[in-house]
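Taking it in order: structure first as structure tokens, then the write-up.
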């Protein structure tokens with residue numbers, strides 16, 4: 001401490017003595033001494049710079065001999081594609097518009113709470129830079145899509161009055177204008193009112209160190225439209241009519257590029273377009289995904305382009321049936337064949353079966369309903385009511401409506417049958433439809449004898465006959481029809497049950513319908 005203090009005092013004394021001496025010197029002498037001091041300082045500075053240059057050269061030689069060359073930095077520079085160089089150039093220009101680094105790195109929950117609950121696909125400049133280095137971008141459109149996603153995320157999470165929202169909106173407008181087709185091709189017309197800023201060219205040291213300078217051809221294209229790349233920040237954010245139109249145009253061009261890339265990716269050889277009608281009535285077809293280098297591809301739409309030429313002697317086009325959509329006849333529940341093969345509803349008619357299907361949906365629903373009703377058949381009324389309520393809840397009330405309609409239909413049929421008198425002699429006209437009518441003559445004799453005799457029905461014999469009739473009816477409904485439709489299918493058991501000795505019906509009103517054990521001519525013909 002004492003040494004430094006003494007040195008300072010000596011310097012002050014020396015300066016005072018020099019100033020006192022300069023008081024008595026002329027102006028020429030003072031100028032000469034100043035020049036000598038200046039030359040002395042320059043000489044000392046040159047000597048120090050020379051020593052540092054020699055030291056740096058020696059150190060580089062030592063590092064070059066002792067340390068191997070790191071090829072990992074020079075390797076990507078040699079293999080980087082022109083597209084990568086262009087995207088790196090765009091990324092650097094966009095990062096300059098973000099001086100505070102809001103979009104430089106990924107957003108975390110500590111910085112923005114609940115960010116990942118709102119934003120499902122985050123994006124930032126570092127992620128885009130990594131994708132460029134890994135050559136994941138196949139076109140400028142994909143790069144623009146990620147850039148738009150980053151700005152949209154910021155405008156979605158933040159409010160319009162925040163700094164982040166305003167910067168994202170400004171950055172989106174600037175970036176799309178910079179990456180527009182007109183800016184890439186150098187066809188955008190710049191106005192004289194907007195000042196063109198100076199282009200700061202990177203030095204040679206920066207090129208060697210960072211390896212981020214674009215190629216000469218690409219930079220030549222970029223220099224043709226400097227205003228679109230280096231846009232002043234004030235004009236970029238002002239949403240006047242002209243800038244708003246440019247912003248919308250850039251968004252439309254970006255959407256069109258995305259659509260064209262998707263079409264070329266999924267449908268490489270397709271030609272998609274739209275129809276446009278002119279004022280004179282002509283119709284044109286414009287291709288959307290044509291070659292961008294060529295002019296707009298349009299075609300005139302008329303009858304000759306839609307069909308072949310008309311023959312001279314014909315005034316109408318020939319009709320050709322399309323066999324690809326031919327309608328075939330379906331086997332529905334209302335057909336006689338399905339009724340004969342149906343073993344579940346042998347005692348129901350087609351309209352009743354249609355009601356069942358309308359109420360329960362399909363065979364599974366009908367079987368489920370029948371199973372539940374069979375389960376509580378021997379139970380009390382409370383269990384049956386519960387099952388009916390359950391089926392109403394499942395079918396939405398269709399169960400009760402279906403049962404009510406079927407009961408109405410069966411009741412009306414019974415009233416009609418009780419009031420009608422069956423004439424057996426009218427069945428003789430069906431002798432030519434493969435029915436065995438030999439028993440009808442005997443039935444006529446039995447009927448005449450019963451009119452004269454006042455006998456009573458043996459109830460025991462009738463109760464024995466009913467199960468036999470029911471078995472025969474089930475066998476006929478569930479058996480497969482015979483292939484020989486012209487022959488009678490009546491068996492010995494049928495003849496035995498239908499013989500006059502077994503039928504002692506008398507004058508009773510509860511006579512069974514003969515159709516229960518006689519084969520119908522309609523079903524026989526359909527089989």
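Here the Cβ of each residue, glycine as well, is placed from N, Cα and C on the backbone.
Per Swiss-Prot, region 'Disordered' is recorded for 1-54 (among others).
Taken from Swiss-Prot, the feature compositional bias 'Basic residues' applies to 1-16 (among others).
The annotation compositional bias 'Basic and acidic residues' is assigned in Swiss-Prot to 17-30 (among others).
The compositional bias 'Basic residues' annotation in Swiss-Prot covers 31-41 (among others).
Marked as domain 'Bromo' by Swiss-Prot: 78-182.
Note: residue 111 (site 'Histone H4K5ac H4K8ac and histone H4K5bu H4K8bu binding') has no non-local neighbours, i.e. no same-chain residues 6+ apart with C-beta under 8 A of its own C-beta. Under the DSSP three-state reduction, residue 111 (site 'Histone H4K5ac H4K8ac and histone H4K5bu H4K8bu binding') is assigned to coil, being neither helix nor strand. Feature annotation from Swiss-Prot assigns site 'Histone H4K5ac H4K8ac and histone H4K5bu H4K8bu binding' to 111 (among others).
DSSP assigns residue 164 (site 'Histone H4K5ac H4K8ac and histone H4K5bu H4K8bu binding') to a helix. Non-local contacts of residue 164 (site 'Histone H4K5ac H4K8ac and histone H4K5bu H4K8bu binding') by the CB criterion (under 8 A, 6+ apart in sequence, same chain) comprise 102, 154, 157, 158. Feature annotation from Swiss-Prot assigns site 'Histone H4K5ac H4K8ac and histone H4K5bu H4K8bu binding' to 164 (among others).
Here Swiss-Prot flags 468-527 (among others) as region 'Disordered'.
Look at Swiss-Prot and you will find 468-478 (among others) tagged as compositional bias 'Basic and acidic residues'.
Annotation comment: Swiss-Prot describes 479-490 as compositional bias 'Low complexity'.
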Please list the DSSP helix, strand and coil residue counts for the domain 'Bromo' (78-182). 66 helix, 0 strand, 39 coil
